[in-house]
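Asks: Among the features that Swiss-Prot reports, active site is placed at 60. Under the heading Ca(2+) 1 binding site, Swiss-Prot lists 11, 114, 117. Per Swiss-Prot, disulfide bond is recorded for 74-98, 76-81, 130-159, 141-154, 153-176, 167-173, 172-198, 217-229, 236-286, 251-295, 264-274, 281-315 (among others). Swiss-Prot lists 127-213 with the feature domain 'Disintegrin', giving sequence analysis as the kind of evidence.
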């Protein structure tokens with residue numbers, strides 16, 4: 001790792017050898033991918049048929065990706081599988097169902113960053129070859145051979161985009177052209193959200209936007225804030241479950257104490273008591289409808305910013321009521 005990594009940036013190294021001391025044709029660290037010490041395999045150049053040596057290399061790289069040898073219950077569609085314990089003289093084409101499961105376990109549990117990012121084109125040292133489905137220097141696209149290409153935007157013969165192409169992908173791109181202006185690309189997800197529409201000049205949907213803060217929502221029961229419609233009932237539900245609702249107004253009066261539990265905000269380590277008009281912007285109080293318990297509160301439960309605290313007023317980030 002001290003020599004090869006300094007020569008060229010790489011995620012994994014597969015080393016070809018002529019002679020092995022043991023009766024094997026390949027070795028690799030299982031689950032070593034992306035580890036600078038263990039992301040490596042050693043493969044014996046055991047056959048004049050390149051495809052068979054490549055199969056062995058794929059097998060060892062499979063080990064690096066956290067995949068073990070197949071067992072009797074594994075299958076890849078009736079063919080000899082790449083991670084089989086037994087060497088086949090027939091070309092191996094597929095990983096088994098067991099291999100796929102182990103691979104995804106490796107990806108999701110260990111989150112190996114080196115194979116989750118797209119390599120720079122400049123990191124590819126082999127000469128660019130149009131038609132190998134690998135986007136390399138000098139290419140705008142590479143969809144494989146002209147016979148196999150399924151990319152409408154790409155000229156498979158030149159690995160360049162067709163002259164008429166406006167876009168390749170995106171919410172506002174369809175068959176390599178911008179979708180007409182006005183077509184909705186992101187519908188509103190909730191009441192305080194707004195729909196976004198394509199501009200006709202870009203493949204990307206415009207930035208997600210929402211209704212202006214202070215606009216009424218929930219039949220004037222609350223006001224929009226940062227795309228949400230915050231109300232104390234929903235906050236009580238999140239803290240105490242379906243039997244909880246907002247407590248009566250008298251419960252909030254203790255927020256004027258300014259002690260460890262009941263206050264509006266913290267300034268220089270001091271709990272500042274709520275002014276009378278701000279009491280519903282401090283500690284949140286809930287009522288348990290099942291057990292008729294009033295004034296329930298949680299150490300995590302301060303009234304959310306933007307919550308309606310009086311007619312025409314909401315709580316701001318300073319835990320103060322202000323005119324919407």
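Keep in mind that glycine also has a Cβ here, set from the backbone N, Cα and C atoms.
How about a rundown of where these features are and what they're close to?
Replies: The C-beta environment of residue 60 (active site), restricted to residues of the same chain at least 6 apart in sequence and closer than 8 Å, consists of 14, 26, 27, 28, 41, 42, 43.
In the three-state DSSP assignment, the secondary structure recorded for residue 117 (Ca(2+) 1 binding site) is coil.
For residue 98 (disulfide bond), applying a Cβ distance below 8 Å and a minimum sequence separation of six or more within one chain yields 70, 71, 73, 74, 83.
Neighbours of residue 81 (disulfide bond), defined as other CB atoms within 10 A of its CB across all chains, total 24.
Mapped onto three states, the DSSP output places residue 130 (disulfide bond) in coil. For residue 130 (disulfide bond), other Cβ atoms within 10 Å of its Cβ number 19.
The C-beta environment of residue 154 (disulfide bond), restricted to residues of the same chain at least 6 apart in sequence and closer than 8 Å, consists of 140, 141, 142, 143, 160, 161, 162.
Cβ neighbour count for residue 153 (disulfide bond) (all protein chains, 10 Å cutoff from its Cβ): 19.
For the recorded site, residue 173 (disulfide bond), the DSSP three-state label reads strand. Using a 10 Å Cβ-Cβ cutoff, residue 173 (disulfide bond) registers 20 neighbours.
Long-range neighbours of residue 172 (disulfide bond) (same chain, six or more residues apart, CB within less than 8 Å of its CB): 178, 179, 183, 185, 198, 199, 200, 202, 203, 204, 205.
Look at residue 217 (disulfide bond): DSSP puts it in a strand.
Within 10 Å of the C-beta of residue 236 (disulfide bond) we count 25 further C-beta atoms, all protein chains included.
Residue 251 (disulfide bond) falls within a helix when secondary structure is assigned with DSSP.
When secondary structure is read from DSSP and collapsed to three states, residue 264 (disulfide bond) falls in the coil class.
The Cβ neighbour count for residue 281 (disulfide bond), using a 10 Å radius and every protein chain shown, is 30.
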Asks: If you draw a 10 Å sphere on the Cβ of residue 76 (disulfide bond), how many other Cβ atoms land inside?
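Replies: Within a 10 Å radius of the Cβ of residue 76 (disulfide bond) lie 20 other Cβ atoms.
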Asks: In whole Å, how far is residue 114 (Ca(2+) 1 binding site) from residue 315 (disulfide bond) when you measure between their Cα atoms?
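Replies: If we compare the Cα positions of residue 315 (disulfide bond) and residue 114 (Ca(2+) 1 binding site), the gap is 45 Å.
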Asks: When you measure from the Cβ of residue 295 (disulfide bond), how many other Cβ atoms are you left with inside 10 Å?
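Replies: That number is 16.
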Asks: Starting from the Cβ centroid of 11, 114, 117, the recorded Ca(2+) 1 site, name every other residue in that chain with its Cβ within 8 Å, sequence order please.
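Replies: The surrounding set, listed in chain order, is 34, 112, 113, 115, 116, 119.
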